[in-house]
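Heads up: the structure comes next, in structure tokens.
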Amino acid sequence: SGSCTTKTCWTTLPKFREIGYILKEKYNAAVQVEVVRASRLRQPTFLKIKQIRSYQKPMETDLVYIDKSPNYCEEDASTGSVGTQGRLCNRTSLSADGCDMMCCGRGYNTHQYTKVWQCNCKF
């Protein structure tokens with residue numbers, strides 16, 4: 001009875017879009033932390049959640065940050081960011097040059113220009 005059964009197992013990654021959704025959720029729930037340098041008894045340096053009277057450490061699965069990201073929509077001379085105010089945008093684009101994205105949801109003004117010139121046409 002020379003019967004043989006072969007079983008092959010493998011693991012696969014989730015779809016790229018699923019990973020993107022998970023990362024976006026983690027980004028939206030990111031926790032600001034601060035570095036605590038312990039000096040007593042040679043304890044190691046660690047991170048704790050940055051809140052008043054909080055001594056809680058972040059979970060290993062938390063996405064953490066130390067400094068808040070600058071708001072690139074607003075002008076900030078200290079970082080050299082000119083912001084987006086007054087910039088031209090593409091009203092129909094869904095990309096980074098689109099008005100909805102570039103103006104950070106604050107709305108935008110549209111202008112229509114008419115130019116009249118002499119074309120020197122001969123009939």
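Glycine too: its Cβ is placed from the backbone N, Cα and C atoms.
Feature annotations, courtesy of Swiss-Prot:
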DISULFID  Cys89-Cys104  disulfide bond
CARBOHYD  Asn90  N-linked glycosylation site
LIPID     Ser1  O-palmitoleoyl serine
REGION    33-61  region 'Disordered linker'
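Swiss-Prot feature annotations superimposed on the structure.
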residue	record	Cβ neighbours (10 Å)
Cys89	disulfide bond	16
Asn90	N-linked glycosylation site	13
Cys104	disulfide bond	14
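In the three-state DSSP scheme, Cys89 (disulfide bond) falls into the coil class. The residue listed as 'N-linked glycosylation site' sits 14 Å from Cys104 (disulfide bond), taking the CA atoms of both as reference points.
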